[in-house]
C-alpha cells in the first residue's frame, strides 16, 4: 500500500465551492462508494468463501468517522454517494450514518444518497430510508427460484427478499435489480427475471462475474460474456440502445416487449474505465482508486492523525493523483486465480 507522507504544514482549508477532483487522465471524480461493513447475512458463492474470516470490529471505522470522511469527499466535489457492504443494513446503528448523510442533500451539497443491498433488511428499514432522503436503491437478486436462491446465497430466504422489495416499492423507493449472469446457473431464467422486474416498474441490470477474491468455486465454470447473453435475448426481444445513464458503468437498452430498461455492466468484455468517475472507501478507511487494482491510500491514519480536515483533504488529493487509467480484470483460466485478491465484500459491491 502506498502511504506516502504528506507535510501537514502545507495543509489548505477545505473549499466547498471548488470544482470536482480530477484524476491524471482528466476524469472528474464525483462518485464515492462506501463499504460500511464487510459482514453480510448471505454468503453468495461468487462473492465470499463460505467460512469467511471477517475483519475484527476494532479495525472498523466508527460511524462518526465514516461520516467525517464522507463529508470530506463531499466538500471536494463528490455529488453522489452509495453505501454498500457486505450488507450495509446489517451494520449496527447504520441509520445514524444514513440520516446524517441525508442532511448533505438537504443542504444542497450532495445530489444523491443511495445504497446497494441484498434486500433482506428492507422490510425493516425501507420507510426510514425514504425519510432520510434516499430515493432509489439497488437490490442484488440473481434468481427467482427459491432453491437456487438458497444455493447461491448458501442460506438466504427468497421470500424475505421479495417482501423487502415490496416494502421498498410501497415506501416510494425506486428499485433497480442487479443480477450477476452465471452460465449454467441463472442464464436460462434471465428472460423471466427481466419480465418480472419490468412488470413491477424496476430496471434490471446484468453484471459479468468479476475475478475478485478466493471463493470456493471455479469462476471460469460460470463466466458468461454479456455479449452472448444479449444475443440470446435478441432471439425473443427487441433491444434498442439508449443514452440513459445513472452515473454508473451500465450501458442501457430498451426492451420493446416489456417497455422496461435492461442495463449491461461488462468489466471484462467491454470495460468502462475511460469514463470512470468513482473511488471506493472501505469500512477500515482504505481508499481504492480502482476496483481492479491493488493500489490504495490509508485514510484512517490521516483521519486519526489530526482533527484538521485540510490535512485529510491533502491525503485524498494525493490518492486521486494515483488513480490508474484502467483495471486489470481478466479471467485466469490457466491458473484459476482471481485478478484481485481482496473480496468484493471488503471493497464494496
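Glycine is no exception: its Cβ is also placed from the backbone N, Cα and C atoms.
Look at Swiss-Prot and you will find 33, 82, 116, 176, 278, 279, 280 tagged as GTP binding site, backed by sequence analysis. The Cβ of residue 176 (GTP binding site) has 136, 137, 138, 139, 202, 203, 204, 205, 246, 263 as same-chain neighbours under 8 Å, each 6 or more residues away in sequence.
Annotated [4Fe-4S] cluster 1 binding site per Swiss-Prot: 40, 44, 47, in sequence order, evidence recorded as sequence analysis. For the recorded site, residue 44 ([4Fe-4S] cluster 1 binding site), the DSSP three-state label reads coil.
Taken from Swiss-Prot, the feature S-adenosyl-L-methionine binding site applies to 46, 86, 140, 210, supported by sequence analysis. In the shown protein chains, 25 other C-beta atoms lie within 10 A of the C-beta of residue 210 (S-adenosyl-L-methionine binding site).
The feature [4Fe-4S] cluster 2 binding site is assigned by Swiss-Prot to 273, 276, 290. Listed in sequence order, the residues of the same chain lying 6 or more apart from residue 276 ([4Fe-4S] cluster 2 binding site) and placing their CB within less than 8 Å of its CB are 27, 249, 290, 323, 326.
Residues annotated as domain 'Radical SAM core' in Swiss-Prot, with sequence analysis given as evidence: 24-250.
Counting only residues at least six positions away in the same chain, the Cβ atoms of 31, 32, 33, 34, 113, 114, 115, 116 sit under 8 Å from the Cβ of residue 82 (GTP binding site).
For the binding-site residues 46, 86, 140, 278, 279, 280, a Cα-Cα cutoff of 10 angstroms around residue 40 ([4Fe-4S] cluster 1 binding site) retains 86. A Cα-Cα distance of 20 Å separates residue 46 (S-adenosyl-L-methionine binding site) from residue 280 (GTP binding site). All protein chains shown were included, and the count of other CB atoms within 10 Å of the CB of residue 116 (GTP binding site) stands at 20. Around the Cβ of residue 290 ([4Fe-4S] cluster 2 binding site), 22 further Cβ atoms fall within 10 Å across all displayed protein chains.
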